[in-house]
Ligand SMILES: [Zn+2]
């Protein structure tokens, strides 16, 4: 089924100014929201806001046009006998919660224990961003990153730990700034073997 409300797969129209052309109905929706929030969408400072917001959301949600598994398709077989944990630590990311479309800001630690091949280390971050640049819940983001590495690299183990703060908690609702949420997904040896799990958590700087 095709979707008239915008599908990144179809590509965006680019205007003469080099920017994405924002369809009228999208800009109108944002004007409606501004008015509903209590401001006047026709005042000078807000006139161009709907287009900016629309383009910003294209970036926030660029992950819908990305297949994260593709980043794991190029592997290196020659690992010089390396059979220890590969860890990419403290990867900053931004996502948006699917319940409020509020920002989720956090850091991820992604580790795997290679079976017989590895990927370029930056690819792990690309997988993260591919899933983070969508409307998300932190638990699903964590699981999607881990599953994608598990299925595509077929390693002996995968460990993903994400710590994040949620705009919908810090700036609205219960208003608890500074509170962060931690989610993790352990697969293979990191799930089944206590020693391996403790080792990877300590490398991540998390209490084992
Ligand atoms: Zn939320």
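Glycine too: its Cβ is placed from the backbone N, Cα and C atoms.
Over in TrEMBL, the protein carries these features:
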type: BINDING; residues: 97, 100, 168; note: Zn(2+) binding site
type: DOMAIN; residues: 27-204; note: domain 'GTP cyclohydrolase I'
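In the three-state DSSP classification, residue 100 (Zn(2+) binding site) falls within coil. Using the Cβ center of 97, 100, 168 for Zn(2+), the list of other same-chain residues with Cβ within 8 Å runs, in sequence order, 96, 98, 99, 101, 102, 104, 166, 167, 169, 172.
The Cβ of residue 100 (Zn(2+) binding site) has 167, 168, 172 as same-chain neighbours under 8 Å, each 6 or more residues away in sequence. Here the domain 'GTP cyclohydrolase I' (27-204) returns a mean pLDDT of 94 for the predicted model.
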